[in-house]
Amino acid sequence: MKQILVVGDLIADYYLWGRSERLSPEAPVPVLEVQRESKNLGGAANVANNLISLKAKVFLCGVVGDDLEGEHFINALKARNIDTSCILTDKTRCTTLKTRIIAQNQQIVRVDKEIKDPLNADLRKKLLDFFTEKIQEIDGVILSDYNKGVLDFELTQKMIALANKHHKLILCDPKGKDYSKYAHASLITPNRIELEHALHLKLDSHANLSKALQILKETYHIAMPLVTLSEQGIAFLEKGELVNCPTIAKEVYDVTGAGDTVIASLTLSLLESMSLKEACEFANAAAAVVVGKMGSALASLEEIALILNQTHPKILPLEKLLETLEHHQQKIVFTNGCFDILHKGHASYLQKAKALGDILIVGLNSDASVKRLKGDKRPIVSEKDRAFLLASLSCVDYVVVFEEDTPIKLIQALKPDILVKGADYLNKEIIGSEFAKETRLMEFEEGYSTSAIIERIKRTCND
């Protein structure tokens with residue numbers, strides 16, 4: 001698990017959701033009838049939250065006010081297992097709060113409560129001391145600058161210098177027009193408008209994009225210069241040449257927090273030794289997930305994998321499957337297995353399982369799970385291909401891949417009407433049976449097994 005230190009401006013995102021179908025008699029403004037409220041972690045905390053969703057360990061450095069919002073904010077961070085030992089309280093400021101009013105899933109106004117003054121010398125010293133203490137034990141750093149007073153020029157440059165001294169990857173999400181503040185960072189993630197304002201250069205051509213990225217590299221000594229281009233993806237330099245990593249087409253509901261998702265996923269993928277191109281593809285996939293949701297949303301590894309693999313529409317992560325089935329009234333049948341080298345016996349078994357109900361869900365062991373259960377030489381067929389083959393069967397309605405050795409979490413979440421296992425489970429404990437209304441044992445078709453097929457192939461090769 002990678003350990004990442006995030007430093008920056010902490011923002012509490014508050015949402016009022018409802019319907020607006022009339023104007024106020026007091027003024028020509030819409031009236032919102034509130035149906036629900038929600039609170040999200042924003043700013044640098046949203047970056048940290050994205051990293052948690054991507055299975056990283058996160059230390060968060062920032063400042064909240066001495067108020068109720070700050071107290072709630074810290075509790076929300078702890079609930080997400082984000083280290084809060086360097087969240088400082090500033091008695092001279094309020095916790096930054098952005099309130100968004102949403103009517104019929106459209107944002108109609110945002111109200112900001114904030115103080116942008118720079119931190120006092122004592123708070124800056126405490127942040128730098130914590131950074132200095134942590135820099136040796138973490139893998140990478142993200143500076144998330146929302147221009148709310150935490151990351152001034154001097155503190156930013158000291159942190160970049162310390163990260164470079166200890167050979168740590170450091171990425172910055174910049175604000176403002178003076179990019180010398182981020183000089184010598186490993187990578188910065190400006191969007192098109194931010195970079196145009198900083199360099200006073202219109203990015204309306206490949207030539208100007210390339211020129212802008214060269215300036216970041218040569219003038220500001222950014223090791224991996226790139227620019228995010230909204231629906232056009234991400235552009236970066238590779239051996240001096242401009243490369244565009246296109247975005248993944250997806251319906252956009254809300255771009256709130258997409259930049260936080262991009263820098264979090266870029267950081268983690270680079271720390272996992274991906275190339276810059278691979279990291280940009282990963283970040284684009286993560287962004288495609290979050291813009292398809294309302295609010296400062298998160299992308300899970302399973303959702304990103306689904307986008308990257310462009311898999312069959314029947315192959316869903318558990319969260320998405322539960323959403324799909326939320327209002328169903330049909331009888332659900334669940335079974336699971338490795339299904340390595342799909343054969344007639346598998347197909348016959350699944351057809352009989354489907355006949356027991358309306359919706360057949362197949363839990364599929366991941367490659368890592370199969371390897372633990374059956375040895376290093378298995379699976380023969382990758383989980384991506386196994387899932388696709390299963391989804392291609394007309395009797396299978398959904399396929400969900402699980403990483404664990406058993407499907408207990410899937411069964412507990414899905415609570416199927418019927419749990420189907422092979423007849424070889426007779427007089428054996430059936431994991432998850434307590435969460436199903438009924439358990440059925442089903443005979444396999446004789447003469448068919450993956451192991452037998454593998455042995456037959458071996459004998460043929462030896463002959």
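Backbone N, Cα and C define each Cβ position, glycine as well.
Record features, source Swiss-Prot:
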type	residues	note
REGION	1-311	region 'Ribokinase'
BINDING	N191, R192, I193, E194	ATP binding site
ACT_SITE	D260	active site
REGION	334-463	region 'Cytidylyltransferase'
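Here the features listed in Swiss-Prot are painted onto the structure.
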residue : record           : CB count, 10 Å
N191    : ATP binding site : 18
R192    : ATP binding site : 18
I193    : ATP binding site : 10
E194    : ATP binding site : 20
D260    : active site      : 31
Helix-strand-coil residue split for the region 'Cytidylyltransferase' (334-463), DSSP-based: 54 helix, 26 strand, 50 coil
Separation of alpha carbons, N191 (ATP binding site) and D260 (active site) (Å): 12
Extra residues within 8 Å (Cβ to Cβ centroid of N191, R192, I193, E194), ATP: P190, L195, E196, H197, V227, T228
Integer mean pLDDT for the region 'Ribokinase' (1-311): 91
